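Scroll down for the structure; my scribbles are underneath it.
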Amino acid sequence: MSTFQELGLNDDLLHAITDLGFIKPSEVQEKAIPILLESETDLVALAQTGTGKTAAFGFPMLEKIDVNSRTTQGLILSPTRELCLQIANEMKQYGKYCKGLNVVAIYGGSSITDQAREVKRGAQIIVATPGRMKDMISRRMVDISKIQYSVLDEADEMLNMGFKEDITDILSHTPEEKNTWLFSATMPREVATIAKKFMNAPQEITVGNKNESTSNVSHEYYLVNARDRYQALKRLSDANPDIFSVVFCRTKRDTQKVAEQLIEDGYSAGALHGDLSQNQRDLVMKSFRNKQIQTLVATDVAARGIDVDDITHVINYQLPDEIETYTHRSGRTGRAGKTGVSMVIVSKSEVRKIKSIERIIKRQFEKKDIPDGSEICEVQLMSLANKIHNTEVNHEIDKHLSSINELFEDTDKDELIKKFFSVEFTRFYNYYQKSKNLNVSDDGGRGRDRDGGRDFGGKSNSTRYFINVGSKDSFDWMKLKDFLKEQLQLGRDDVFKVEVKDSFSFFNTENELKDKVLAFFTDFKHEGRFVNVEVSENRGGGRRNDRNRGRRRDDRKGGGRRDERRSDSRNRGDRRRSEGSSKPRHSDSGNSSTFKPRRSRR
Ligand code: AMP
């Protein structure tokens, strides 16, 4: 693995890279930058969004252009206004120490004369959407006759959106001898044709395989009856309290309907589709970026160019018509080195499409069960407990403390905690205690009805555990499963139903292994801190071991010493993370709950 210095970038760029906090080049940067710096060549790069491709073409372009000249030397074409602005911003940041650099973004929906004025001041680099670029060329507002470097970014998307004619027209106004760098997530025939037509013996690099999904994203599917789709969506959101997601629907109508329904049910959601005005779309995107919206419901077209790095989950409310589109959807998560989950809610008639997608993305889906009510309640409760534990005390409360103390004079600590949590929990519990099992077995029937059709109750041969490590400790379900198998020296299938949440997780083993698991984790340290494993209340996909209900509480009491010790290093980290990331959903909505279901509506 090289460093940015070893890739041959100049000091101005290295300085900016340090400011940006990039430690090492990403794969596409490592592959593309030396080629583009060392030779005057055309390039075809197959890379997903979120892999750092803007810098892969941006650094070489910035290094090669002459900032002392006012002539336009670099042209970057991108499919959407969103992406265009994002690229222009990134280029400005990368080039912030390149004195005299002027990067101008031109795109539809904004004043064309203002943009023309900016170009006239001398833009060495123009980042443009094809439609507006063509318009400005025909009105002689830009001169791209001396371009040396042109980039076709997200070429597959541009062609999907019908920009082929525009691109052809734009490129006909550029010099023959320029270099063209084409970046695309997938390589459909149309892209290959463009590459052939406009490029001269391009070098090729591939990050991952063609059409392949990034390895940072895990793929899951959930089989439900079509009429339960919406309930399934809610449960998947509720089972992941820190979710920051894009939900994809097939039509504008469904997108609007699902978003409205989520809002009505108390979720912080927003719709993004083509029937909204540009202004409305900008507002929604702004709220999503600021994390005021936790769930963005979008159509494929409107979601093009969503460049938000922290998306934790992509939920395919419905599968796309074109299977290839799945790659684009899932590529919205797992960006910038982070991990992500792409979930698909399918009905029986669609399940065969999963196999086709697996072939295209060359990754396997895991079939999972929609979490049951008890599991969701436990996840939410523990998430709330974590949040409270990590909350900075507001000392404005101090002056009211004696009155509050007076009120609770006769309430012991356990009672107080229970009351405090019940404020949120009871409503949530009430909502879910009568919820049905949504899972459909492969033969088309409901999943095992374990408790008269309810998700609560029931017995099984397996034990569900809670463990106090999660994705914040760099675990995903595969890593946690491997970790447990290795530590406990268990066989391949001995650990199952592993569910990794933010700061804690769940897993199952057969009942016979319970004593071994609990004994092993009595005093176990991982990376300097105590790992706590307890029998969980919920069954994981519908299992619960009622005999263990009391035990868990006892364990927690007995684990006080461990809990104190584990709290320090870990929870400081948690606090830092939560400050930066989560704007409480309830802050301005009037919904004072982290728990969403406000109505007992199912
Ligand atoms: P892109 O694929 O260009 O949209 O980049 C996705 C995100 O990764 C952007 O927010 C970049 O700022 C960030 N990024 C690009 N290169 C690196 C790097 N080498 N290290 C860390 N983050 C990066």
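Quick reminder: no glycine exception, Cβ is built from N, Cα and C everywhere.
The annotation compositional bias 'Basic and acidic residues' is assigned in TrEMBL to 543-588.
The list of residues near the domain 'DEAD-box RNA helicase Q' (2-30) in space but at least 6 beyond its ends in sequence, with Cβ under 8 angstroms from a Cβ of it, reads 37-38, 45, 47, 51-53, 55-56, 59, 62-63, 93-98, 205, 207, 337. The domain 'DEAD-box RNA helicase Q' annotation in TrEMBL covers 2-30.
Annotated domain 'Helicase ATP-binding' per TrEMBL: 34-205, in sequence order.
The annotation domain 'Helicase C-terminal' is assigned in TrEMBL to 228-385.
Per TrEMBL, the feature region 'Disordered' maps to 537-602.
Feature annotation from TrEMBL assigns motif 'Q motif' to 2-30. With DSSP classes pooled into helix, strand and coil, the tally for the motif 'Q motif' (2-30) is 14 helix, 0 strand, 15 coil.
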Segment-level pLDDT (mean, integer) for the motif 'Q motif' (2-30): 92
